[in-house]
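Here is the structure we will look at, set down as structure tokens.
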Amino acid sequence: TEGPDFYIPMVNTTGVVRSPYEYPQYYLVNPAAYAVLGAYMFFLIIVGFPINFLTLYVTLEHKKLRTPLNYILLNLAVADLFMVIGGFTTTMYSSMHGYFVLGRLGCNIEGFFATLGGMISLWSLAVLAIERWVVVCKPISNFRFGENHAIMGVSLTWVMALACTVPPLVGWSRYIPEGMQCACGIDYYTRAEGYNNESFVIYMFTFHFLFPMFIIFFCYGRLLCAVKEAAAAQQESETTQRAEREVTRMVILMVIGYLVCWLPYASVAWFIFTHKGSEFGPLFMAVPSFFAKSSSIYNPIIYICMNKQFRQCMITTLFCGKNPFEGQEEDSSTKTEASSASSVSPA
């Protein structure tokens with residue numbers, strides 16, 4: 001059922017369909033599902049906000065972490081905070097009422113920040129891949145990655161993300177409630193007059209999903225080949241090679257985490273867009289959508305768990321300047337220092 005600013009995945013034969021901005025949508029799914037949704041959003045908030053804020057705080061507190069190669073990882077944390085503050089809080093509040101209580105303006109705000117965070121994350125991973133490729137594979141001779149290059153990379157992520165999230169606010173496509181009608185996203189569902197949804201969805205999938213994905217896979221493919229060749233030739237010490245492989249595993253795991261979170265959402269959205277008129281329930285879009293939001297806790301967890309230097313700094317911060325595990329981490333510190341010397345470590 002299509003309304004002026006919404007689309008309900010249900011045929012209104014019984015006359016029960018109501019605007020998701022004004023009435024509870026309990027006729028779509030069991031009311032208990034909204035409680036589960038609210039609890040899940042609360043979990044993402046209480047985990048996502050502290051861990052991303054801690055990522056920023058620890059990096060800013062410890063000078064040795066404030067390197068150009070870490071700028072893009074700070075950008076990832078900022079993007080996740082945008083999703084937590086601007087997206088998850090409104091979704092949790094709406095789920096408590098069973099409909100999107102914040103109205104049309106609130107839908108635009110929630111949809112904008114949630115999509116902005118996702119796009120910044122995707123483009124940050126693309127820029128991160130380019131940076132690693134340039135540093136490790138050295139496709140440009142005599143090139144030294146510096147602060148200006150890092151700032152340019154961060155700026156690129158914001159420009160590209162805004163190029164995807166601003167158009168729906170000014171008439172090229174739009175943000176509407178989706179799934180269980182408690183969160184908003186791009187209108188993949190309708191061909192409403194005056195919004196040119198078809199062209200925007202094609203533009204979004206081509207330039208803001210497939211293109212950065214190509215960059216990520218190309219750069220990491222070349223990086224893996226370079227690391228393998230270096231290990232085979234034993235051009236560097238075993239410790240350095242081990243540290244470089246550790247960094248490679250970290251960034252690859254970050255990409256896998258992103259794909260696990262966002263690929264189902266993108267696939268379902270594309271299916272809905274290319275199968276106009278097909279019947280699908282609210283959970284068909286809601287489950288991938290809310291599963292995708294868990295990406296806000298993937299990146300910092302992966303970064304903290306797989307980067308020994310960052311983990312040491314985090315422990316020092318949490319224990320007020322002391323590291324109770326200093327003896328256990330001594331060997332790890334040596335490996336990370338070797339990684340830093342090779343200009344591959346993200347710390």
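Easy rule for this one: first residue shown is 1, then count along the chain.
Note that Cβ sites are derived from N, Cα and C of the backbone, with glycine treated the same way.
Counting residue by residue with DSSP, the topological domain 'Extracellular' (1-33) contains 3 helix, 2 strand, 28 coil. Annotation comment: Swiss-Prot describes 1-33 (among others) as topological domain 'Extracellular', evidence class a curator's inference.
What Swiss-Prot lists as N-linked glycosylation site is Asn12 (among others), and the listing cites sequence analysis. Counting every protein chain shown, the number of other Cβ atoms lying within 10 Å of the Cβ of Asn12 (N-linked glycosylation site) is 12.
What Swiss-Prot records for 34-58 (among others) is transmembrane segment.
Among the features that Swiss-Prot reports, topological domain 'Cytoplasmic' is placed at 59-70 (among others).
The annotation transmembrane segment is assigned in Swiss-Prot to 71-93 (among others) on the grounds of similarity to another entry. Remote same-chain residues near the transmembrane segment (71-93) are listed as 37-38, 41-42, 44-45, 48-49, 52-53, 55-56, 59, 101-102, 106, 109-110, 112-114, 116-118, 120-121, 124-125, 127-128, 131, 147, 150-151, 153-154, 157, 161, 182-183, 290, 293, 295-297, 299-300, 303, 346 (criterion: CB distance under 8 Å, separation of at least six residues from the stretch ends).
Cβ atoms under 8 Å from those of the topological domain 'Extracellular' (94-107) belong to residues 5, 20-26, 31, 34-35, 37-38, 41, 175-177, 180-184 of the same chain, restricted to positions at least 6 beyond its ends. Annotated topological domain 'Extracellular' per Swiss-Prot: 94-107 (among others), in sequence order, evidence recorded as a curator's inference.
Within the same chain, residues at least 6 positions away in sequence whose Cβ sits under 8 Å from that of Cys184 (disulfide bond) are Phe100, Cys107, Asn108, Glu110, Gly111, Ala114, Tyr175, Ile176, Pro177, Glu178. Positions annotated as disulfide bond by Swiss-Prot: Cys107-Cys184.
Non-local neighbours of the transmembrane segment (108-130) in the same chain are 72-73, 75-76, 78-83, 85-87, 90-91, 102, 153-154, 156-158, 160-162, 164-166, 168-169, 175-176, 183-186, 208-209, 212, 215-216, 218-220, 223, 251, 254-255, 258, 262, 292-293, 295-296, 299; each lies 6+ residues outside the stretch with a CB under 8 Å from one of its CB atoms. What Swiss-Prot lists as transmembrane segment is 108-130 (among others), and the listing cites similarity to another entry.
The topological domain 'Cytoplasmic' feature in Swiss-Prot is assigned to 131-149 (among others). If you average pLDDT over the topological domain 'Cytoplasmic' (131-149) in this model, you get 86.
The transmembrane segment annotation in Swiss-Prot covers 150-170 (among others).
Sequence annotations record features per position, and here Swiss-Prot assigns topological domain 'Extracellular' to 171-199 (among others) based on a curator's inference.
All protein chains included, Asn197 (N-linked glycosylation site) registers 21 other Cβ atoms within 10 Å of its own Cβ. Taken from Swiss-Prot, the feature N-linked glycosylation site covers Asn197 (among others).
Remote same-chain partners of the transmembrane segment (200-221), defined as residues 6 or more beyond its termini with a Cβ less than 8 Å from a stretch Cβ, comprise 119, 122-123, 125-126, 129-130, 132-133, 160, 163-164, 167-168, 172-173, 186, 188, 248, 251-252, 255, 266, 269-270, 273. Among the features that Swiss-Prot reports, transmembrane segment is placed at 200-221 (among others).
What Swiss-Prot lists as topological domain 'Cytoplasmic' is 222-249 (among others).
Annotated transmembrane segment per Swiss-Prot: 250-271 (among others), in sequence order.
Taken from Swiss-Prot, the feature topological domain 'Extracellular' covers 272-283 (among others).
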Worksheet item: Using a Cβ-Cβ cut-off under 8 angstroms and a sequence gap of six or more, which residues of the chain neighbour Lys293 (N6-(retinylidene)lysine)?
Response: Met41, Leu44, Met83, Gly87, Phe88, Ala114, Cys261
Worksheet item: When a 10 Å sphere is centred on the Cβ of Cys107 (disulfide bond), how many other Cβ atoms does it contain?
Response: 26
Worksheet item: What residues in the same chain, six or more past the boundaries of the topological domain 'Extracellular' (1-33), come closer than 8 Å to it by Cβ-Cβ distance?
Response: 97-101, 103-104, 107, 174, 176-178, 180-182, 187, 189-190, 192, 279-285
Worksheet entry | Rounded Cα separation (Å) that holds between Asn197 (N-linked glycosylation site) and Asn12 (N-linked glycosylation site) | 23
